[in-house]
Amino acid sequence: MKATIDKELLPMKAHYFLFNAGTAPVVPFMPTLAGQLGYSPAVVGTMYMILPIIGMLAKPLFGYIADRYHRHRSLFLGGQVLTGIAFFLIMFVPGMEKPLPKVEFHCHAGVSSVRFCSEYGECVEKNLEQYYGNRSLKCHLNCEAQPFMWDIVCQDWLQNKTDNCAANRTNSHMDFGTGINMQDIVDDKRCMFFMVPHDRGQIAGQNVTFNCPASKEYFKANCTMDCQEAYLKDQLAESAVINTSSAMSMPKFWLFFGLLIFSWVGMAVVVSIGDAICFGILGDRHHLYGKQRLCGSLGWGVFALLAGVLVDHMSVGEVDKNYTAVFWMALIIMGFDVFASSKLRHTQTHLSSNIVKDVGQMFLSLRCVIFFLWCVAIGLGTALIWNFLFIYLEQLDKAFEGCDSSIKTLEGLVMGIQCFGGELPFFFLSGWILKKIGHINAMSMVLFGFGVRFILYSMLQNPWYILPIELMNGVTFGLFYATMASYASIVAPPGTEATMQSLVGAIFEGVGVSMGSLIGGLLFESVTARTTFEIFGIGAFIIFVIHVSIQLYLQRSTNIDENGTVKYFAPTDAMHMLNDQEYSRVS
């Protein structure tokens, strides 16, 4: 039998592929980029609590405008342009300036050194030796001082040549200069010692010799070091961690957050109106939606993996990851998406005379209310994966890799497996699955899948063991998204398709993902990341049991024959009382 290609659906497939390919290099890395810029998990959680609320407001608003004024295509293309430009401009947002490196100055028994400790110790040493070679640097140290240290300075460094030196014994800090040889670094596990030549000291404008007799108390002072070298500071200094109250007063934060808001609005418009256009083109062929949407999974998987590899490749020798390539990828690919989407030909065939009233009737159906609550529950779990999974992986990675770890490659592989091993087959089979088990059973399966996935996360020790777990993304996202979009399309009154898709998406992200982001951020700071996933896993199992129990009760309470057909219900609830066999009847 000769295969046929539906040319009407080709631009839709191209859109799903290109839109997901354009957002995949940026969206998954945003929480970790925010941490690299200096924002705490609580700040990240707060931002990702607000962003879905913005999307919740934008989706119904623009969905209503699209349905009311028939502007689906122009809003669709405008959302793509806004998304691409907003993401690209994030590349130019500056991070928080790193503080001066904290070191220890050691001087005793004729040996002087500057000691620095870091979880990336060995890798930092290698980077510094490769970058500086045999160069020597002049550095300024500001150290905490005790009275006995001033005695050593006055008697042994300055040899009592400076008047009133002893008067400094009450001063809690001392400033002096020294030289360090970047090729003479002694490694000690997580710490390193920069050896200091005896005759390279300077204090109070005088050249001194660091002479610390063995007969005197060990000279060890906590200091900050400034060598006027940006690369050295970048390697040694810890990232600033900005809490929520401090971030609110920083223009840099509002620039970053503002661009995220614009990108979220753009994506909200594209996703909701795009799905409505897709279902409009499909007509009665709702079961083919998954096969269109799997093109998006393909684009996401390929370019997320490519982005992870590129970030790791461009970040060799650096403490912080270099995300320049992914922002350019987002801009260019979104441009291609705009071109492909401009070829779409969609005309709304059903018009609603009262969109708000028709959609409002959804809330009068008990099954639809349960469906909306299910979307909220899934949003809670999805938020933890979207916004905190990579932060968790990077915490685990610190125990196995150094500063040149392949964590971004791992994160790219995670997204690749999520798409190719999880979403792709489930989107492809979603029509068949929904026909076989029905929407209600599919909803229960998704909840159970989240419980299993989170419990497995909580048991991780080696971050690379996450890869097989990500196959479950087929259930927790692929099957979920197909079920949500299909069910919403089926129950939507004629002429409200874009509004209904927008409403369901707003409930999922604006309520569920928003709450999950806030709760996840607070739990990450108050308990461990491992415990957070364990709590969410147990919660998912509890909600699964509640959902199954309620659906069984509703099924017994509704007059249903042996074939699963509802014998009697109010006409206004005709499309709302769908049971487990509804999909085969409707589609």
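Yeah, the Cβs are placed from backbone N, Cα and C, and that goes for glycine too.
Remember, TrEMBL labels are computer predictions, not curated facts.
Taken as a whole, the domain 'Major facilitator superfamily (MFS) profile' (367-587) shows an average pLDDT of 78 in this prediction. The annotation domain 'Major facilitator superfamily (MFS) profile' is assigned in TrEMBL to 367-587.
Summarising the annotation, TrEMBL assigns transmembrane segment to 12-30 (among others). For the transmembrane segment (12-30), the list of distant contacts is 80, 83-84, 87, 90, 260, 267, 270, 274, 277-278, 281, 292-293, 295-304, 306-307, 311, 323, 325-327, 329-330, 332-334, 336-337, 340-341, 343-344, 386, 390, 408, 411, 415: same-chain residues at least six beyond its ends, Cβ to Cβ under 8 Å.
Annotated transmembrane segment per TrEMBL: 42-62 (among others), in sequence order.
Taken from TrEMBL, the feature transmembrane segment covers 74-93 (among others).
Residues or ranges marked as transmembrane segment by TrEMBL: 253-282 (among others).
Tertiary neighbourhood of the transmembrane segment (294-311): same-chain residues 13-14, 16-26, 28-29, 321-323, 325-326, 329, 333, 408-413, 415-420, 423-424, 427-428, 478, selected by CB-CB distance under 8 Å and a gap of 6+ residues from either end. Here TrEMBL flags 294-311 (among others) as transmembrane segment.
Residues or ranges marked as transmembrane segment in TrEMBL: 323-342 (among others). When Cβ-Cβ distances below 8 Å are used as the criterion, the transmembrane segment (323-342) is approached by residues 11, 14-15, 18-19, 21-23, 25-26, 29, 33, 76-77, 80-81, 83-85, 87-88, 90-91, 303, 306-307, 310-311, 314 of the same chain, each at least six residues removed from its ends.
For the transmembrane segment (363-393), same-chain residues at least 6 beyond its ends with a Cβ under 8 Å from one of its own Cβ atoms are 28-29, 31-32, 35, 41, 44-45, 48, 52, 407, 410-411, 414, 443, 446-447, 450, 453-454, 457, 463, 466, 476-477, 480, 484, 487, 491, 504, 507-509, 511-517, 519-521, 524, 529-530, 532-533, 536, 539-540, 543, 547, 550-551, 554, 572-573, 576-578. What TrEMBL lists as transmembrane segment is 363-393 (among others).
According to TrEMBL, the transmembrane segment annotation covers 413-433 (among others).
Per TrEMBL, the feature transmembrane segment maps to 440-459 (among others).
Per TrEMBL, transmembrane segment is recorded for 471-491 (among others).
Residues annotated as transmembrane segment in TrEMBL: 503-523 (among others).
For 535-554 (among others), the entry in TrEMBL reads transmembrane segment.
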Tally Cβ pairs under 8 Å between the transmembrane segment (471-491) and each listed stretch (42-62, 74-93, 253-282, 413-433, 535-554), then give the stretch with the top tally. 413-433
Which bits of the chain, at least 6 residues beyond where the transmembrane segment (503-523) starts or stops, bring a Cβ under 8 A of a Cβ in it? 41-57, 59-60, 63, 268, 271-272, 275, 359, 362, 372, 375-384, 386-388, 484-485, 488, 531-532, 535-536
Restricting to the same chain and to residues at least six past its boundaries, which positions have a Cβ under 8 Å from a Cβ of the transmembrane segment (74-93)? 19, 22-23, 26, 33, 37, 62, 65-66, 252, 255-256, 259-260, 262-263, 265-270, 273-274, 277, 323-324, 327-328, 330-331, 334-335, 337-338, 341-342, 344
When you check the transmembrane segment (253-282) against the transmembrane segment (42-62), do you get at least 3 Cβ pairs under 8 Å, counting only pairs 6 or more apart in sequence? yes
